[in-house]
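J.: According to Swiss-Prot, the feature heme b binding site maps to H64, H93, an assignment based on sequence analysis. Marked as domain 'Globin' by Swiss-Prot on the basis of sequence analysis: 3-147. According to Swiss-Prot, the feature phosphothreonine maps to T13. The phosphoserine annotation in Swiss-Prot covers S45, S51, S53, S140. The N6-acetyllysine annotation in Swiss-Prot covers K60, K83. Annotation comment: Swiss-Prot describes C94 as S-nitrosocysteine.
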Amino acid sequence: MSNFTAEDKAAITSLWAKVNVEDAGGETLGRLLVVYPWTQRFFDSFGSLSSPSAIMGNPKVKAHGAKVLTSLGEAIKNLDDLKGTFGQLSELHCDKLHVDPENFRLLGNVLVTVLAVHHGKEFTPEVQASWQKMVAGVASALGSRYH
């Protein structure tokens with residue numbers, strides 16, 4: 001059973017159709033790494049993350065951010081089964097990468113900020129509420145396989 005209303009789904013999919021995955025993904029992950037520097041420890045292979053400008057200009061940050069948002073696109077197609085959609089990713093992040101599931105919530109909140117910046121007046125309080133519900137659902141699904 002889905003917690004998403006028809007209005008939520010419309011708000012999420014309508015805005016998603018306008019999102020540039022590469023730009024928004026890179027900015028979202030970059031902001032996460034700048035604002036919450038302890039998250040950098042998961043990205044040792046990305047090279048220099050020594051300053052905000054190094055992070056925001058890092059091609060590996062941009063590429064992984066795009067990968068994250070591409071995965072989010074799958075969630076948007078499967079809003080009624082977020083746990084099923086993210087089952088394997090939850091296992092990977094839990095068992096192999098040992099990522100604290102709280103980081104998924106932080107990333108979702110940063111994404112909402114980036115969407116607000118990129119979409120201005122179109123990002124109404126109602127649209128924000130739908131997106132907050134969605135990123136909270138994704139964070140919960142990604143944390144679902146943790147022991």
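Cβ atoms here come from the backbone N, Cα and C positions, even for glycine.
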J.: Using DSSP, break the domain 'Globin' (3-147) down into helix, strand and coil residues and give each count.
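T.: Going by DSSP assignments, the domain 'Globin' (3-147) contains 116 helix, 0 strand, 29 coil.
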J.: Within a 10 Å radius of its Cβ, which of these modified residues (T13, S45, S53) has the fewest neighbouring Cβ atoms?
T.: S45
J.: Spatially, which candidate from the modified residues T13, S51, S53, K60, S140 is nearest to S45 (phosphoserine), comparing Cα atoms?
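T.: When the Cα distances are compared, K60 comes out closest.
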J.: Taking K60, H64 as the recorded positions to compare, which has the smallest set of other Cβ atoms within 10 Å?
T.: K60
J.: Indicate the candidate from S51, S140 with the smallest number of other Cβ atoms within 10 Å of its Cβ, considering only these modified residues.
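T.: Per-residue Cβ counts within 10 Å for the modified residues S51, S140 bottom out at S51.
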J.: If we check Cα distances from S140 (phosphoserine), which of the modified residues T13, S53, K60 wins as closest?
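T.: Looking at Cα distances from S140 (phosphoserine), the smallest one goes to T13.
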J.: If you average pLDDT over the domain 'Globin' (3-147), what do you get?
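T.: Averaged over the domain 'Globin' (3-147), the predicted model reaches a pLDDT of 87.
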